[in-house]
Structures are given as C-alpha cells and as structure tokens.
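According to TrEMBL, the protein carries these features:
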COMPBIAS  178-187  compositional bias 'Basic and acidic residues'
COMPBIAS  188-204  compositional bias 'Acidic residues'
COMPBIAS  396-406  compositional bias 'Polar residues'
COMPBIAS  813-825  compositional bias 'Low complexity'
COMPBIAS  835-854  compositional bias 'Basic and acidic residues'
DOMAIN    28-70  domain 'CAP-Gly'
DOMAIN    726-761  domain 'EF-hand'
DOMAIN    762-797  domain 'EF-hand'
DOMAIN    893-928  domain 'EF-hand'
DOMAIN    930-965  domain 'EF-hand'
DOMAIN    985-1020  domain 'EF-hand'
DOMAIN    1025-1060  domain 'EF-hand'
REGION    137-204  region 'Disordered'
REGION    396-415  region 'Disordered'
REGION    804-867  region 'Disordered'
Amino acid sequence: MEVEGGKRFEVGTRVVVQKLVGTVRFFGKTEFKEGDWVGIELDEPKGRNDGTVAEVTYFSCAPNHGMFIQPDFVFEHCEDEVAAVTLQSNFRAHLAKKKVKARQAARTWNVLDNHFEEQGLRKGKAVEKATKQLKAKTIVQERNTQMRDSVGTEGMQDAPQAAGVAEARGAEQQGISKRKDEGHDADQAEEDGEDEEDEEDEEMDDMFMGATVEELQQAAADAVEELKPEMLNCINVGDDYDGPHLRFPLRLEPVIDMLEAFKTGKILHLKYFMLLLLHGKNLFDKEGTVQDIEIAKGIKLTVVGDTHGQLQDLFTIFTINGLPSEKNWYLFNGDFVDRGPKGCEIVACMLAFKILFPKCVFLNRGNHEARAQNAWMGFEEELLTKYGHDTMTVSMKPSTKQSRMSSPAKKARKNSLDRAAAMRRRMNEFGPNDRLASLKLYMLCQGFFDSLPLCALVQSRVFVCHGGLFRNDGVTLDQIRAINRKREPPLEGRSIEDRLYEDLLWSDPRPTATYPRPLKFKRPSDRGAGCEFGPTVTNRFCGMNQIALVVRSHECVPEGFEVLHNGRLITIFSASRYCGTQTNKGAFIAFGPDLQPEIQQFYAHPIQKGSFLTDEEREQMLERDAIKMIIENICDKRLDLYWYFTQNDTKHTGRVTRVEWATALANVLGLDLPFLHYQGHLAEIEPDGNVNYTKFLSRFQIQMRQEDMGWQEAIVRRICEKLFSLVGADLEGAYKKFDTNDDGKIEYEEFVRTLKQLNVGLTDQQIFELMRSVDVDDDAHINFKEFAERFEVTFTSVHEEHMQQTAMPPQVGNAGAALGAGAAARSSDSANQFRDPRTGRSASMRELEEKTRAEMPNAPISPRSKHRMKLDWNTMDAWTMDNLKTIVKAIFRKTDTLREAFKSFDRTGKKYIDMQDFVAAMTGYLELSMSETDAEKLFRVIDTNDSGRVNYLEFIDAFRADDRNPRAASWKHGVVQQVANVLYQNRIHLKAAFRMFDVDGNGTVTAQEFQEGMQTINELLDKPLTTQQIDELRRSLDRNGDGTIDYKEFFQGLSISDTASAKGLLRKGSSYMDLSDPMYAPAAAPGGRGGMEIDNS
C-alpha cells in the first residue's frame, strides 16, 4: 500500500517482484542496510537466502526461497498486472533474441563474405596470369560495298583462325573504313584510294591474328588516351534505340530525363555513356590524388558511402537530401559498381552531375573501381550484357562523318610498334555492328576509374577515403599526394607507395560491433588485402596530420554508420538492404562550414511502385544465404574434414559429438562462426545425440544440368580402362609393378608413384580414394589378395530409363545359342517398324535416326536414344561372356583406351566396323587364336541392331571394363565430385576468363580455347584436374561436334544440392543481387500496373 514516506506491505501479502511471485514475511528496518526492506518468501527457489542475512534471522523459509528487496520494486499481486508484466517481459525477450539473431546472421554473412572476397582475390590473380598466356580469338574483316561510306563496320564473315586450329571455330572481326594519309583530299581519297585501303585492311587484319587478350585490351586502353569528344559525337544513334538522349554541353533537364528513364529500366546508349565517361575522365585527370575541399557559407557537403550498383539507394538519397547543385555538394566515397545490377546507371548519374557542377561533385576511388574486382564481382558482366553487340544500346547508323579515335596515320609497317599502332587504330573506329563496342566501353570505364582521386581533405580537418588507414607508421598527407594513382590498384605491392595505395582502398578499423576482437595497433586483413587497424593508428595519423575526423566506407554496418575509435573515425555505408539479403540501413553524412557532422539513416525506396520484403523475410534470406556459403566451404574442404574427423574418431564409430563436429568445421574451414547454431541446417543428429560424419559429408553434392553430365561417365570409364589395361591381363605381373621394393605389399607411396608414372588420369586426392577402396582392412597397405579381388575383370551394362527390354532365356553351352541370348532384346514396335521390307534386315543406327526424324520431325526424344539396343549381360551364356572377356584383355594389352582400339579395328576409317574388320582384328591386331566362325558369331552378338555394322557406341557397350566392386562407388563418386567441385568453386573466375575470348558476347568459345584455358588455369590452381579429365570434359561439352562450347550456360548450370531435401542451393547473394527482389525491377509504364508480385514459396 502507498503511505506517506513510501510503500508499506503487511506480512502475508501476496506480491510480485522481478517476475517472481511470493509472500511478504517481513517489513521494516534491517541491520545489513539502512532503510525499509521487504522480506519475501518466493514460490520458486530463485532467491538468495532462507530469511537469514549476516547471521540475523528475519523470517524462516526453505533455502533459496528468501529475498530482501526495497519496497519500490515490489508490487501487490494482481492477475491482470502479472499477465501484463509477463507479456511485456516475454516480448522484450523475444525482441532481444531477434536482435541478437539478426546481428549474429549479419556477422556470419560478413565473415563469410570477407572469406569469399579473399578467395576471389587469390583466384583472380591466377586467372589474370592465365589470360595473359592465352591467345584471344582473332577478328577478321568482310568488306561490304553497300556500306563503303559508313563509319565503322562494313560487314563480317566467318574465317578460320590461325593455322593448325582445325577444329576451332572461326572468329569474327569488325571491318572498318580507313582514313587516308594526312593532306589527301577526302573526295580524291574515296575515288583513288580504294586499292590502298583494301591493302591496309588486309594488313590490319593480320595485325589482329593471334593477338593475346592482353594485347587487345592494351590496344583499347591506348585508344582511350587518344579519344576526343568530337570523335564520339560523330556516332549516329540507331533508330531502334528508345532510351534517353543527351546533348553536350550538358544541361540539367536532359539529365533529369535520364534519371526518369532509368526508373523505367531504360539503358543509356553507348555513345552517351562514353561521352559521360570521357568528359568525366578529363575532369578527374586534372585533380590531385587528394581532393582539397573548402566549404563556403551556405554550402552543404554530403558524403555518400558504398552504393554497389543499388540505384534505388542513390535515388533515395537524392529524394531525402536533394539533387547535387551549387549549394548542395556531394562526395561519393567509392564502390559505385559490382554486386548490384545498376552499376552503369549509378556511374552515369554521378558523372552527369560532375559535368554539370564540376566544383560541387567529388568522387573517391573504391576497391571495386578496378579490373581485378569487376572481372568476377559483376560489373564486367553487367556492362558486356547491357552493351553486347546485338543490343540496341550499341545500335548505330552509317554516317558520312569520320568517327576516328585517333589522328590520321599512314599505313602500318610490319614491326611490333606499328602493329600496336594498327591495332589501336582499329580499336579507334565505331560503326554499325561493332562487335568490339563493349570492349571499348569497358576499357574507357577502367580508364575513368584510373583517373579517380584516392581521398579528400575537407577544410583541412576531415580526411575521407574509401578503405582506411595504413600499416606503415608516420604516413603524411604529402606522401599520399605523391602516390601515382592512374593505374590498376596494386595488391601485395612491395613498395611503400603501393602499400599506401592498397590500404586507402582496402583497410578496415577494428574493433567494431561486427568484429569485436580487440585491437590497438594493426594486423593483416581477413580480406586478403589492406590491413586492420586499431584506435592507436587512427590517433597517431590524426595527430601527425592535424586531422579531427576520419570518414570511411567499405564495410556494411547494421545502422548504416558506426562511430569508432573514441569518435575519431566514422564508417558510412549507403547500400541499404545490402545485396538484397542484409537488413542493414543505409546512411549518409553531411557537413557545413563548421564541420559538425549530421548523419541521416534511411531504407531505400523501391524504384517501382510496390513493396519490399519484410524485415523478417529478409532476415530469413540472410540466414539462408549464410548457410549456403558455409555449405560451399564444406564442399570445398570435404576431404580435409573427413581426415580431421577420422583422426579424432579413435574408436572408429563413424560418429563425433556436436562439439567435436563444430570444432572440426572451425579448424578446417578457418572460420570463426557459431557452427552449433547452424547445426540443424547442416547435419542431422543421430539417436545417440552424435553426428554421423560420413552422412554429413555426403549430404551436399555438386550438381549440374542433365545435358552437361556426359563427362562424368566418360572420365570414370577412361580411368577404368587405364586401370584394366594395367592390371586386367596379368594380376601377378601388375602387382609386381606396384610393389617396387619387392616386400610383398604395396604401400601408399608405391601406389601413388606407380599410378602417376603410368598416367592413369587421377589426381593425388583421387588416388587416395582409390587406395582406400582397395585396402579392405585399412592397414595402410595392399596385399595380393586385396589387389586380386579388387581388380578382377568385371563388366556392366548401361541401363537406360524407360527402355523396354524383353530377354530370351539363356542358352548355355554353345556359341550358336548365344546369338539370341547375347543380343539385347528389342522393342517389337521398333524391330518391325524399321525393318527394310526388301532386304529383311534392320536399319542401321544412322538410317533409323534419319527415318524417325523424317516421320516425327518434332519428336522431343532423340531416336538414337530411344531405340538404341544394349547387350543383356544378365542373360548372356558363359561361352559368349568368356570370349568377350578374352577380347577385352587382349584389347587392353594393346592400348589403354577403347577409342584407340576402335580406330585399330576400323582399318579404313569408315567410322564403323564390319564383319571382315572384326574377324581380321581377332587374329591380326589382337593376336588371338580364334576361328573365323567363332569371330563371326561374336560379331553378330555385339551387332545389336543386326545392321551388319558395329558403331562406336555398340563397341564400347561390348568391351567396356567397369569397376563393379562394392567398394568402387566411393572412389568413382569421389572423382566425379572432386572434378565438379573444382568447376563449381572456380565457376565465376573461369567464366570471367573465358569471357575474355568471347569478344562478341554470345557465351561460347571454341573447344580448343576451352581446353587450353582450362589447362592453363588448372596449372595456376595447383593442378586439381588431370589433363585427361580436362580432355574428356571438353569432348563431352562439345555435344554436337561443331567445335563450339557454350561455357556460360555450363557454368550457370552448376549448383549445390541438399540430398536430404532434394533442393538446389545455388547462392547469389554474396556476389550478385537477387533480381527477383521488387526493388530492382523497373517502374511500370504510365497507366500500367505498378507492382510486381513475387512467389516467395
């Protein structure tokens, strides 16, 4: 009850305190502390005493049921109040748990994304080295007389590449009309100079033949330095272009129209984008490495952090803060591109306002304004997609004006310097069907990035850079001003200048809310570039250079900003809901002349009318994306994890505890993450409470499109053939080959060394898996019994789904009876429908396919697949099987591949084997003692469609050797998954490498380019694949035999599947945004529907 002087409680009153219910047993003064105290006997044992404190008993109760508390915190018990307090308490607990979970998911995602970026940098360096060693596709001109007066391309034709590339696809090259020697009259040149022009075109084509990617890029980069606005003004925009138009000198109204067009998904034409880039580059070329900004009275300077291709964030900032103007200045602090889908549009917007207000808009370079990042983080692919040769954004009409990017030049002589000049001049021309337009635009973008300043100094007191401070001590502003910035940002540079450059773009402050590990000074960065620096580094830099505040970006922070290092440093990040999965806010910071910072947080408005996903939905997406990144790392370290588990599983139970499981992941993956929290998504718990690590490691598998899986069987078959050629004919002799020290057992080192010497086609990891399948008793060596049982010759038939088979009863004991039993049963429909009524024989495979195609032109199933016959090994008689085994042994004594054996049987190169070829091969090539009659009978057995011819498919069906031992599944699956994992883990970089050769952007390369590219990159990745595996991969992906491989679809078809749920787990979030998110969709046309429905199922 309330009385004068405070609350009083009668003994026996029921009360509530701190969510606990009890009864008052004492009220009054105590000896342990001044004032009135309430002694309460709690209903639950959550107290601290039994009514006695400091040896004075005030009341008696059970142990841990007593509590003393001041009256102000005690409330009379009321059911409604208790319910309300409990509800509030539970709701607060729910919000706290939700906040902790969201922060944990965000931290996990950031840790994994930094790891992803570090791996990307390492792989990117390898790919960059590889592309410099490879030849780019050459480009050949076709002259089109109807377009002789046009600027640029006169036409194109296919032409063979370099000599010796027989199966490679002919590449294409732009043909461009040439300017004549300086001083010639243009009309006279057109009338008299055609022969000279044709001769020069031919020589220029020769200049491109065999050019490397580096040479093509260098030619384009050199051309950028000679580019002038009037040259681009001559480009005549095509009639089919329906995007915004710009005129120079630039005015505000067309820029506003451009922004509105971007809202509806329009893309700026190549001409206008290049003009913006060129004008912007010319402005920034004049700037220093450090931009000195003085804010006058009445001026506001707004610093914007990373936008990463998220146009909706830039537009939201403009809506809240106003467009750039002479009174409203902006400093964009790097990372305009990559990850998001609208990098081109963001760069165009920023440059347009820079050109309009050159003294009011400033840009700093970020770590993503670089070739090394753009190649695999999204911007390069975005640009090449938006400005591909067949898009209307590069549509150009013929023009009578010259559009040369260089001054007139005389015909090139054939030396290296003139060759480079000729290539540069060819790059310096534009016109209809320009297949190099996107390359020219991309290199101009990179030239613009190279011109950007690295930092800004506001009022001499606020230092603004993208990344952070330095690993070197005593860095001064004068040293920063002296950096040669107009180049690709260095990584792992050795000079102080390079390290300063790298740190400005890459370094991070610590500790932060996401990375709380204490740090005072500095340490290497988890990103693989720059450093992590503590408050001591910030204080020393500020003290030495009289800086009051450091503003940087570069890191996603939950609130959009974070104040660190005792207020001396602020992180600003402006990409809200980062990558479409994060739940972070965006922020920007404004300064007036007094330099008092004003921070504004925001969530971006959708570009179109509609709604964002809820925070709860986005948090779920963030957690799913983090889990997918963990799974990718598990797949990549599968063998290391298995080794770690087995070393700790000393009792060989196949199980580990949850804590041991989480510890293994942390140690092997090298990631400090709460793996126990994610255990339910990654590993199932057995009834005994432990994790079956074999089941866990086999749960997630790399998968691909069905049409791309042919290489898997081909690789395994080739390995089996190699193994059988080594051991199938003479087991004792083969065993001696392996047992090199003749001690009666094969050690692991002997096994590996022998297989590598014999070039079986397995990597070290794959050989280890094979060794484990042979070593039955796991004693680390192979005895002869294990060896003989393991490599005994076995055969298998290839099963085809839905193929109806009717097998005749087995006829044992004579060769003649094998004719019916050995041949595969045929579908009665196909047997009758395709039998020639004149000859009575069945059609050959080719004839059957042609006939079916003629009668069923739209049939979805290939007739070759639908009607192919197979040998029935299950019903085959013993005589036939024994003789086929004998032939197989003889074949593999001669060669280690069935492909080579088939060529030897086919004496005249007919692509098939007839009976005479087969009979002759038995006694000739194979040196077998077999009668002609028996050879003819065996031929009829393997001629499954009675055509009188055996094609390659029938041949390998009859004589393939396969490892059917029950323990074989592990190494076969291991080989396939290891190859698939290499492709999956490196898919982004491999795709970027092949895109360098794909100058016309159609997603294809020649089979030879694919094989050479894979081999070169494989060398730089420590040879995870063998040459034979790459060879089989190339053969299988060239499905129609035209020498062309669609690399883009192949790599896009790679994903991770969860065998426990049969769901694909392809991750998009950390590299590219989910374009199904409505905030990335264009606005509806006027009068149209403004929303976009999303199926979140």
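Yeah, the Cβs are placed from backbone N, Cα and C, and that goes for glycine too.
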For the domain 'EF-hand' (930-965), residues assigned helix / strand / coil by DSSP: 19 helix, 1 strand, 16 coil
Counts by DSSP class (helix H/G/I, strand E/B, coil) across the domain 'EF-hand' (1025-1060): 17 helix, 6 strand, 13 coil
The domain 'EF-hand' (985-1020): DSSP-derived helix, strand, coil residue counts: 24 helix, 2 strand, 10 coil
Within the domain 'EF-hand' (893-928), residues counted as helix, strand or coil by DSSP: 19 helix, 1 strand, 16 coil
Mean per-residue pLDDT computed across the domain 'EF-hand' (762-797): 64
